[in-house]
Amino acid sequence: SLSTKDKAVVKGFWSKISGKSDEIGTEAVGRMLTVYPQTKAYFSHWPETTPGSAPVKKHGARILGAINDAVNRIDDMAGALGSLSELHANKLCVDPANFKILAHCLMASICLFYPTDFTPEVHLSVDKFLQNLALALADRYR
């Protein structure tokens with residue numbers, strides 16, 4: 001679970017990176033589709049899945065918007081992400097293991113954009129936050 005300190009670190013760091021959230025999201029989704037090509041199966045309806053393409057940019061922005069909502073409701077992530085959990089579980093049928101894959105890619109992308117600010121302390125808190133976010137997204141799978 002997230003400590004009070006973790007929550008403060010995540011909120012502080014997120015406020016710093018939110019200005020580049022669309023770019024970070026685009027990079028993270030592009031990275032996921034490249035490094036884990038099996039994830040492309042969920043996006044077969046897109047005209048293209050290459051990094052930087054319009055669908056990747058749009059989805060990256062959408063994901064980072066949802067994460068921003070989760071940061072703002074850090075004490076109720078399951079509530080903040082309930083409709084997304086429902087969508088991914090029951091309509092899109094996304095394997096919840098992919099949430100952890102995306103979290104890993106997102107941390108790599110954040111580090112590319114903010115190498116100095118992404119200290120070990122920030123890394124630890126963001127990792128814990130993203131793991132809690134993945135659990136919240138998997139909530140409706142039960």
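Positions of Cβ are set from backbone N, Cα and C atoms, glycine also.
From a predicted model like this one, the values you see are computed outputs, not experimental measurements.
Per Swiss-Prot, the features are:
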- 1-142: domain 'Globin' (DOMAIN)
- Ser1: N-acetylserine (MOD_RES)
- His59: O2 binding site (BINDING)
- His88: heme b binding site (BINDING)
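Projection of Swiss-Prot feature records onto the structure.
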residue	record	Cβ neighbours (10 Å)
Ser1	N-acetylserine	5
His59	O2 binding site	21
His88	heme b binding site	21
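Recorded residues His88 (heme b binding site) and Ser1 (N-acetylserine) have their alpha carbons 23 Å apart, per Cα-Cα distance. Counting only the Cα atoms, the space from the residue listed as 'N-acetylserine' to His59 (O2 binding site) is about 28 angstrom.
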